[in-house]
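Participant: Dumping what TrEMBL says about this protein:
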SIGNAL    1-18  signal peptide
DOMAIN    35-118  domain 'Cytochrome c'
BINDING   Cys48, Cys51, His52  heme c binding site
TRANSMEM  223-242  transmembrane segment
Amino acid sequence: MKKLLLSCLLLLPTLVLASEGIALQHANNDVYDKASLQNGAKLFTNYCMGCHSLQYSRFQRVAKDLEIPEDIMKANLMFTSEKIGELMTIGMRKKEALSWFGVAPPDLSVIARARGTDWIYSFLLSFYVDESKPTGVNNLIFKDTAMPHVLWELQGYQMPIYEEVTDEEGKKHQVLESLEPINPAGMTDEESKRKQDDYRRTVRDLVNFLDYVGEPAKFQRHYLGIWVLLFLAFLFVFAYALKKEFWRDVH
Ligand code: HEC
């Protein structure tokens, strides 16, 4: 038995290492942060909806949940749709998409549940220059993705930094070590850091919005949960008082 435990313990690090791909960065988003969700919705409709739909969401529901006035929603977040009650679908046809990208951009309604928020966050932070690709970029998290770096204006481009490692047979390999922002001439390190921090916040808001879209009922469920807990707390006071009353005669 001891031996078995010991071998399990020894195996553990190899298992961890085997399952360890590229570490994801934490999105740390908060679906109760309305300002972040509003910004996320604006970013999504401006930068993503050219290619990706949210076929189960309606503009009106999003406006209501995120407390965006309908006229602002219409003016700033709706480009192809006329009516606020419409579903957030897009005009791009599958056949055209296939000929442009080789893959149709998927609907992103449940992407936060399918991939997880950390994955989307890391994906949007990990585009890097790769001249061999038709889009001019590759991605550390989603290798050889057909998606272009659509947020390049906000982040800029990143260079891959490779490191040479020697394997057990003595062969040398280039392994991607990290990504480094390519800064325009004259940009100081501090300005560059600020730009990357701003970009991280932008991506967090986008991921936050996709998290909300994946489960819009989360709001209602949590609010209901709070009421239920308050009710139970209230009931406890009465139950306790009642118990005291009953036991008074017994003691
Ligand atoms: C110019 C078109 C285009 C735009 C704009 C675009 N995407 Fe994409 N996106 C694609 C394509 C094409 C794919 C499929 C990539 C693949 O399978 O290789 C994709 C895939 C994705 C995926 C991965 C889906 C999966 O298969 O798991 C995510 C997440 C994503 N996009 C998010 C976004 C977000 C967020 C935005 C807005 C900031 C955005 N995309 C804007 C074209 C686009």
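The backbone N, Cα and C atoms fix where each Cβ goes, glycine too.
Those TrEMBL annotations? Automatic predictions, nothing curated.
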Participant: Looking only at Cβ atoms, how many others are within 10 Å of the one on His52 (heme c binding site)?
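Facilitator: Result for His52 (heme c binding site): 22 other Cβ atoms within 10 Å.
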Participant: Starting from the Cβ of Cys51 (heme c binding site), draw a 10 Å sphere and report how many other Cβ atoms land inside it.
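Facilitator: Excluding its own Cβ, the number within 10 Å is 18.
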Participant: Given the recorded heme c site (Cys48, Cys51, His52), which additional residues of the same chain have their Cβ within 8 Å of the Cβ centre, ordered by sequence?
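Facilitator: Along the chain, the qualifying residues are Phe44, Tyr47, Met49, Gly50, Ser53, Ile90, Pro105, Leu108, Val150.
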Participant: Going along the chain, which residues six or more apart from Cys48 (heme c binding site) have their CB under 8 A from its CB?
Facilitator: Leu108, Val150, Leu206
